[in-house]
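The domain 'Inner membrane component' annotation in TrEMBL covers 132-182. Residues annotated as transmembrane segment in TrEMBL: 231-262, 317-337, 343-365, 377-398, 418-440, 452-472, 519-539, 571-590, 602-622, 643-662, 668-689, 696-716 (among others). Per TrEMBL, the feature domain 'Sodium/calcium exchanger membrane region' maps to 348-467, 571-713.
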C-alpha cells in the first residue's frame, strides 16, 4: 500500500539548496527500482562513485554531488511518521514497520480501501459471485443460518401476532443463504401508502415515531397495541436467537481473518437490520441494468473472503495481534485459577503462556515506536534501551529465580541455550529468511554496508567479550571426569571417560573467585559501555553513516498535523500493562516448563535455542520480512543485528549483575557447543555482508546453516544438571 511518488520539484517553501540534488537522486533511484518504506519513499542511490560522480558533477558542484551520492531521503505524511522512519535507521532503536499515525484516506490503494468498507456500497457488476470464498461461506455459515431463520419464521407465524416478522425472517433466510449480489435497503414508505386501518398514527415499539407501512401491496392491520405486542413477541422469541447466531458467526469469521467480510455482514445485520420494523426492510437482487431504489443501503456484499485482510488494523493494531489478545486473558485466568492442573496439564499451560508472549511483544514494540516517534532523541533512546529487551529479560529472570528456589541448575542452562539461540537465530535465520523472501521478488538486493559494518564490529566485540570467561576457564581450568574406564585393560592404554568438565573450584575455588568471577564482572561493565559508545558514534558524531535526510516536501493532500493512533500517555500505559502481563506469562511459562524438561526426550539445548529463543522474536521477524519485500533489506538486516547486539551487550550483563543482588545458578560460562555455534555464525554473517548486496542464494545458505546447527542441538545430549 504505497502512495504515489510526489513531485519533488513542487516545494511550496521555495527552492532550497540541494533540491536539484534530491531530484537527481530520485531519478537515479527510480531507474534502479529501489522501493521505499511503507508510507514513505526511501531514495537510496547505489550507483558506484566511479560511474555516478562524473555524471553528477557535470551539472552540480562537488559539494552537491557528494550529498547526492550518499544521501537517503525519507518522505512521510507528517512529522511524527518521519520521526518514526528516521528512528528505524538509528542504531539501538526498535525497527517498526506499521504506521503510528493514521494514513490519509486518499493515499490508500483501492485494495486497502475495500478492506475498511462498511458493506453498504453498491458497485457495478464485478463478474460472477460464485467464488471459492463464497462457496466456503455457504458451507460454513450459510446453510445453517438460513435454516435457523426458517425455524424462527415458523415460530413467528405460529404466534400469529409475529406474522410480519415471520415474513421478514423468511425473506432473510433466502438472503443469508447466499447474500452475494443482493442488497438490503431501509426504505421510506410513500405518503400515498401511509394510511392504513386504524394504525397510521401509532408509534413503533422499536424505533418510535409514526410507523410506516411495508412497501409492498399490503400493510399492517391492527391497532397500536397489536403492533407493540408483535414487537414484544419478536424481541422475546425471535431476535435473541438470531443475535446469538450472528454473534457466533461474527466471532468465528473474525478469527479466521480472511472471512472478516462475513463478520462485518453479521455485525451489520444484527445492529442495522434486525431492529427495524418489517415494512422498512427491502431485500432485492441487483441487476446490471437496474437502477437502485431510493433508500439507505444497509447491506451489500459481493465477496465473503479477501486474502488481503492480513493488512487490516484496528486503531493501528494489526488484526493478528487483536485476535491473539484474548489468548493472553485465557492464559492468565487458566494459569492462576487452575493452579492444581485440574482442567489442563502443564504442557498446555506452557504452550499458551509462550504463545501469549507474541501479541504482548507486538504491543510493547508498537508502544515503544509510538513514544519514540512523538518524543525527542533522549526520551526515545532511554525508552528503547529500557524496554527494548524487556520481553526476553522478563522470561530469563523469572526462570533463574525459579531455578534458584528449587536448586535446579537446569534452568540456568536453558537460559544460556535461549540466549545462544537468540544470537544464532538473529544472525543467521532472520536475515537469511528475509533475503530468501525478498529475493523471490527482487533479483538482487542492496543494503548499506557501512551501517551494517558498525553492527558487525559491535557484534564481534560483544561475542568476544561474552565468551572470554569461557575461554579463560578452558585455558586455566582443571579437566575433571566423572567416570573413566580402561578400554584395553592395560594400565598404559586408552581410557574412556564420561561427564568431563573443567573444574574451577580447585583449592576452595581460588581460580573461580579470584580470577574468573572478576573477569565476568569486568566484561559485564565493559560491554554496556561499548554499547553506549556505539550509540554516540552512530547517533551523534557519525550520523552520516546512515545518510538520513527528512524531506519537508509533503505529499499532495497531506497536512502537517498528524493524527496518532496512540498518544504518548496511552502508549506508556499500554507499555506498562503489556510488561506486567508479560511478567505474568513468563512466570507461568517457567512454572510449567519443569515437566517438559524432565519428561521430554528432546535435548534441553534444542528446546532453549528454538522455542524459548525465537517465539518472542516472531513480531520482529515479520517486520523484517515486510521490509525485505519492499526492497529495504538494510532494515531487515539491522533488525537481526540489533537484537543480537542487545543480547550480548545488554541482556547478558543485566543477568550477570542481577545475580549480584539475587544469587542464582547463572554463570557466564557456556558449553563448547554454544561457543562454536555463535562464533561460526558471526563469522559467516560478516562474510555474507561484505559486498553490500545479496540475493536469495546467499539467504538460503544462511538458513541452511541455521538448520544444520539446530540439528546439532537436537541430537546433542542434555546439559549437565538437567
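Residue numbering: from 1, along the chain as shown.
Just so you know, glycine gets a Cβ as well, placed from its N, Cα and C.
A quick note: this is a predicted structure, and the numbers were derived from the prediction, not measured.
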So, taking each listed stretch (343-365, 452-472, 519-539, 602-622) in turn and counting its Cβ pairs to the transmembrane segment (418-440) that are under 8 angstroms, which one gives the highest count?
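When the Cβ pairs under 8 Å are tallied, 602-622 comes out ahead.
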Could you pull out which residues elsewhere in the chain have a CB under 8 Å from any CB of the transmembrane segment (452-472), counting only those six or more residues past its ends?
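Residues 91, 423, 427, 515-516, 519-520, 523, 526-527, 530-531, 534, 537-538, 545, 634, 637-638, 641-642, 644-645, 648-649, 652, 668-670, 675, 678-679, 682, 685-686, 689, 692 contact the transmembrane segment (452-472) from elsewhere in the chain.
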What else in the chain is close to the transmembrane segment (317-337), if you only count residues 6 or more beyond its ends and a Cβ gap under 8 Å?
98, 254-255, 257, 260, 309-310, 343-344, 349, 352-353, 355-356, 358-360, 362-363, 366, 565, 581, 584-585, 588, 591-592
By DSSP assignment, list the helix, strand and coil residue numbers for the domain 'Sodium/calcium exchanger membrane region' (348-467), in that order.
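The breakdown for the domain 'Sodium/calcium exchanger membrane region' (348-467) reads 104 helix, 2 strand, 14 coil.
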Within the same chain, where does the transmembrane segment (571-590) have neighbours whose Cβ lies under 8 angstroms from its own Cβ atoms, ignoring anything closer than 6 residues to its ends? I mean 6 or more beyond.
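Residues packing against the transmembrane segment (571-590) from afar: 328, 331-332, 335-336, 349-350, 352-354, 356-357, 360-361, 363-364, 366-368, 370-371, 374, 387, 390-391, 394-395, 398-399, 402, 411.
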What stretch, picked from 519-539, 602-622, 668-689, 696-716, has the most CB pairs under 8 A with the transmembrane segment (343-365)?
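Against the transmembrane segment (343-365), the leading stretch is 602-622.
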Can you say which of 602-622, 643-662, 696-716 has the most Cβ pairs under 8 Å with the transmembrane segment (668-689)?
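Per the Cβ under 8 Å count, 696-716.
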Count the CB pairs under 8 A between the transmembrane segment (519-539) and each of 377-398, 643-662, 696-716, then give me the winner.
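Answer is 643-662, with the largest number of Cβ pairs below 8 Å.
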Under an 8 Å Cβ to Cβ limit, what residues of the same chain, 6 or more beyond the ends of the transmembrane segment (377-398), are close to it?
87, 92-94, 357, 360-361, 364, 367-368, 371, 415, 418-419, 422, 535, 539, 575, 579, 582-583, 586-587, 589-590, 612, 616, 646-647, 650-651, 654-655, 658
